[in-house]
Amino acid sequence: MQKMFINGEWVEAISGMTRNIINPYNQKIIATAAEGNEQDAKRAIASAREAFDNKEWAFIPAIERGAVVQRIASLIERDRHELAELESLDTGKTVEESLGDMDDIAGVFRYFAEMAGKDGGAIIDSPIPNSMSRVVHEPVGVCGQITPWNYPLLQASWKLAPALAAGNTLVMKPSEITPLTSVKVFELMAEAGIPAGVVNLVLGPGDSVGAELSENAEVDLISFTGGIHTGKKIMQAASSNVKNLALELGGKNPNIVFADADFDTAVDQAMNAVFFHAGQICSAGTRLLVEESIHDDLVEALVERVKNIKLGSGFDASTQMGPLISKEHLSKVVEYVENGKKEGVTVAVGGGRPEEPELQNGFFYLPTVLVNCTTDMRVVQEEGFGPVVTVEKFTTEEEAIRLANDSIYGLSGGVFTNDIAKAERCVAKMRMGTVWINDVNLYFPQAPWGGYKQSGIGRELGKSGLEEYQETKHIFQNLKPEPMNWF
Ligand SMILES: NC(=O)c1ccc[n+]([C@@H]2O[C@H](COP(=O)([O-])OP(=O)(O)OC[C@H]3O[C@@H](n4cnc5c(N)ncnc54)[C@H](O)[C@@H]3O)[C@@H](O)[C@H]2O)c1
Ligand SMILES: C[N+](C)(C)CC=O
């Protein structure tokens, strides 16, 4: 049984309810997890509040907090294989991808551990005679953290590591369908020596546990990664006590290929952009914009390669793409492509479920390329979150940028060209939080991550990733106090 971690103890749900956790490759039950609700969330929030108010964690020297966060990184490295296998069981992604995630995750803990003691504040040049003015950073307080199912532990690490490094206490709610690695990392955090009550884990659904975290007035900050519709609900709920708010939402990310780009690299990266983890990536390059003069050749080359993508179990070393996360999500992707067909797209490859008998118990969908697409189509505008790329043509640089920006989202985008001046002109006009030139989907702890427009609010990772978990206090001291006699 996967239990919840509240006030330093492993506990079942107050209601006694549980949920079966399903392997998306074969629909077998891989674990049973406690299914918490509002009551469990309230208990965890009270524990985090008490731990924050007694200031044990917030007031220890930052360098010591950093050392504990470093220990968490070492424990993740020690248990890298076990964690990667749990992640692949839970999500269906290949173990190779999950091992890469675990390395990234350890790197995130190390990055924020090192930042913990680096910034002691600043002295301000006060304009008032006989005074001293300085700025210090303090933790925000109790943080609610809500994560999605597609990168369960990676997205958790982007929240846990900076929150701890900055001296906060927290309650995390992972996606109810992929809790396994989050449970394991809470075991590791306890082993690393985090005091009781500082980190709390509540398992369960969004509309009860998640909603309580978003509304509860004892929570000072809510950090959410997930879909746009949930993000809007959380933003509303967070207004209850004007919580600090961080939202990492979806994307519908354009990938522009100019005729002067390296052709083979552009084809290869167009695939990497959208077929890793079966397209279930917020920054997936789902909108391929190709200069008209190379459009037909590029589509032909892409289709030839996409036909050979090997689907299967994430535990089979020859597998290149695993299943989608759930039956419900598969239905959504099917509906999304079927609707695209009604809108007039042509399926160049894929466009349905695979026929191999050994894949029938998994939630598989074929890697799919759709052509004859236009920006006004739903299939081009909505985040389908599957292995589906839409291809549009453009003839000028201006048109490419206009198409790229024609979205409510602004998470990420790519530009492929050998003309650096052209690349820089495009980048300057692309309204996205991350833009890659001649590459796709790269992220690392040192660089901020987040979205323009409806892709979110705030930034994770980088210096700003720590600042999200800090309040800034200005301290002014009068060095020569004497009556003013104004009144
Ligand atoms: N911008 C990023 O960095 C990033 C990273 C990963 C995923 N995502 C996005 O996440 C989405 C996929 O994840 P998902 O399907 O798990 O998203 P989701 O919004 O359905 O769920 C995310 C989390 O929110 C919880 N939740 C659901 N309803 C809630 C409510 N009313 N109040 C509070 N919490 C609630 C869920 O239980 C889950 O833990 C995609 O849109 C993807 O683009 C964004
Ligand atoms: C942020 N990232 C790219 C790791 C995962 C998005 O789904």
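In case you wondered, yes, glycine gets a Cβ from its N, Cα and C as well.
When averaged over the domain 'Aldehyde dehydrogenase' (10-475), pLDDT in the model lands at 98. Feature annotation from TrEMBL assigns domain 'Aldehyde dehydrogenase' to 10-475.
As annotated by TrEMBL, active site applies to Glu248. Taken residue by residue with DSSP, Glu248 (active site) is part of a strand. The Cβ of Glu248 (active site) has Gln155, Phe224, Thr225, Gly226, Cys282, Trp449, Gly450, Gly451, Ser455, Gly456, Gly458, Glu460 as same-chain neighbours under 8 Å, each 6 or more residues away in sequence.
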